[in-house]
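So the structure is just underneath, and the comments pick up after that.
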Amino acid sequence: MQKRLTLLGSTGSIGDSTLDVVARHPERFAVHALTAHRNGEKLVAQCLRFAPDVAVVGDAETAARVEAQLRAAGSRTQVAYGKQALVDVSKSDGCDTVVAAIVGAAGLAPSLAAARAGKRILLANKEALVMSGAIFMDAVRDHGAILLPVDSEHNAIFQCMPRDAAEHGGIAKIIVTASGGPFRTREPATLASVTPDEACKHPNWVMGRKISVDSATMMNKGLEVIEAHWLFGLPSERIDVLIHPQSVIHSLVSYRDGSVLAQLGNPDMRTPIAHALAFPERVDAGVAQLDLAQIATLTFEKPDYARFPCLALAIDALEAGGVASAALNAANEIAVDAFLSRRIRFTAIAQTVGAVLDGLSNRTPGGLDDVIEADAAARRAATAFIGKLPAPGVERAA
């Protein structure tokens, strides 16, 4: 039976890769809804190619522009806008599968709506679990949703794990691999001077600018540790991080009998996307077969927490529980935006997140409202902290 998709965040890198796979298998996949924030031009092009029932954008002005272009081209795709429209297409009877690829906290509400509607969810938005892990997983369980990880690391772990629960599968630990990003070997004393463009030049993966910066700080890997905790039910002490610069081994599962299973492949997001889209079957993703003889060497090293303080901060937040992970994510989003806007130095990202966590009044969230409140409070605290920092290139007066 043909799967009908709602693709949240269709104009981003995950959206591009998803639609590439979808286009290869029109007999298997059809598109119910595509969503974007403000990239109307790209969304129009996608709508004309994939003919979704609905297109959703962030605001009325973009919606009017998109609708005018679609009507001029003869498209019947309906156009909606705003947060509620995202929720509506995520729980719509017109789709059975939701690809959650909106970057950041904005993806939480529609992803949660999909879970509560019992959808098959392909989760690329890690913030849904980072911010509200227990709430989200409860919704998945209580409403019979199917959750399939799209992040390459978590998809790899999923492929290497038995289908039963971790505690009954003889699992000792899971090992999340990381490339180390563009600054793995850079002298730490020079990190304060790196530019946004340098931070966004990932050595292996093609990604958006926000997640590229998260990779450079290794906050992305910290968020993935938190996500792995909720997806696979393992405590932080049974989740290791391993630097693997070639990005060929996407993650590993270590068993109590000494066996280690790993998932390998070329660094191309179409592979985990195709796996999740077609699961439990396999389909062509358009990705070249891995040639280990050509690669020849795979190397590994332990992460340097002094070089990557954001990784340590994320693990600390996971162990603290409560709303600490939500605060971590919110502060990081504010700090990364400030860095990309050249308002703070690269090294101030970790400083900002650390300051927000130090000032956090942690508590166990009673529901989604508590998570949203913690998110907002952390954003205010991060903004206030950044406001007191000197601009890049400006030293404080003695």
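Cβ from N, Cα, C; glycine included.
Per Swiss-Prot, NADPH is bound by THR11, GLY12, SER13, ILE14, ARG38, ASN39, ASN125, GLU127; the candidate from GLY180, GLY181, GLY208, GLY222 named for the same site is GLY208. Record check, Swiss-Prot: 1-deoxy-D-xylulose 5-phosphate site residues include LYS126, SER152, GLU153, SER179, SER215, ASN220, LYS221, GLU224, and the candidate from HIS202, HIS275 also listed there is HIS202. The Cα atom of GLU153 (1-deoxy-D-xylulose 5-phosphate binding site) lies nearest to that of ASN125, taking the binding-site residues THR11, ARG38, ASN125 as the candidates. When the alpha carbons of HIS202 (1-deoxy-D-xylulose 5-phosphate binding site) and THR11 (NADPH binding site) are compared, the span between them is 20 angstrom. The closest partner of GLU224 (1-deoxy-D-xylulose 5-phosphate binding site) among the binding-site residues, by CA position, is SER13; the full candidate set was THR11, SER13, ARG38. The Cα atom of SER13 (NADPH binding site) lies nearest to that of ASP151, taking the binding-site residues LYS126, ASP151, ASN220 as the candidates. When each of the binding-site residues SER13, ASN125, ASN220 is scored by how many other Cβ atoms sit within 10 Å of its Cβ, SER13 comes out lowest.
Put simply, of the binding-site residues LYS126, ASP151, ASN220, the one whose Cα is nearest the Cα of ARG38 (NADPH binding site) is LYS126.
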